[in-house]
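Asks: Handing you a structure now.
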């Protein structure tokens, strides 16, 4: 256990101090320590062999000593003086190194290590410096807004608990702000905590803003000295809301459109470039000299073509600060004459017109039964194929959704007209009777047969196209028959008949029989002639053979005679 130094020993030691000497070569030695750390001070003296004891003291501002620690060289015991500020904070090692825990600002003193022998006292001074890093600076008491062309307090930059004092600097967009008369004013204030001796520094900035300061960041920093030298800590950036008056008014149409058409809803929006922006405006509509007071928007619903014109808005208190825009409401009218359902008779004349009225050039398209026509229809003499559903469609290509269309359903009526034809089968045994009918509405066809005959195929009909179709009967008459075709629709009933003779079939059959007999007789005669010719040919062939043999015998006899004549001459 460390013990306290007795008063008598203290007196003896004080007498020895008068003879103390500073060891040559030992100058000022400084120990830097961070606030709250442990201060370690080596004695910096070589321990003499005849050492009696070692002792540490510090000096008061008036130079008087205060002893704080004692260590005997023989007993190896350590004693600490009754100094309240160092109670339980000191530690003295065997080599007389003194450690002070939990460094405080009050520890900034001149400490001296003393080694005492029987005949001398040696001293080594050490200067202790304590540093405390300040807290990160922050901008407080910020102005809710700044107004242009007015010198106004922007805020306070505060940095707490530092030692020694920190130095605060203000920045605008990263550039240092310096005091300027009437534009920048900086006030500095320092407070010291009586207990900790730590400083809190505050810098207040007054600043005259302009519109160029909009969205500009302001920061501050604190520069301080620590054990390793000078350092700087920066605050977070702050952007201030800057108020400035409106200098320009603009007007726009919402929602933005390339073109406005009849029936649209449009909203006029008026904006001022001030901050805060104006909340109310005066709106002036075409043909209305008196303005309408409203918020920054004014809505027109279901606009018509007469809404085309110039629109204007202005500030409530500054009518000359205004803006205007021109709005064109596009329109498209279509008139089809005739339209709806129209019924005409075949051969009638029907003029058709599609009239367009629009705010700009419009395209026109004609359709018939969903098929596009190359030109507009014109009917000088109606036919059944002219019937159908006609549509005249127009549009303004530059205006989305502006289209119009009208339709005409044309019905061409006509009483039934009949044409009958007859076709005989190549065999001659049957005939095909066709009843061609034309008319609208579609006539119904009925057949009537007068006389007897076999009906092979009755009432086969073709498709009804463009007011025309036919019905046919295939008949093999046994006697003269009359076929009657009746066509009837809502307009009229038409009848036509065709006589078919059975003799035509018999004559043709007889003619065919005669032809067959003639062919057979001809074939027999041809065979008889061929037989006679062949007999004559064979007879002539035998006679010719006999003459040939006789001629050959005479030639041999002549040859022998010549041979004999040659021998005689020889």
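Using N, Cα and C of the backbone, Cβ positions are placed for all residues, glycine too.
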Asks: Can you say which of 492-514, 515-537 is given as transmembrane segment in TrEMBL?
Replies: 515-537
Asks: Mark yes when the domain 'Ig-like' (416-501) and the domain 'Ig-like' (347-409) have three or more Cβ pairs under 8 Å (sequence separation 6 or more) and no when they do not.
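Replies: These two stretches do touch.
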Asks: Within the domain 'Ig-like' (125-234), what mean pLDDT does the predicted structure show?
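Replies: Residues in the domain 'Ig-like' (125-234) carry a mean pLDDT of 95 in this prediction.
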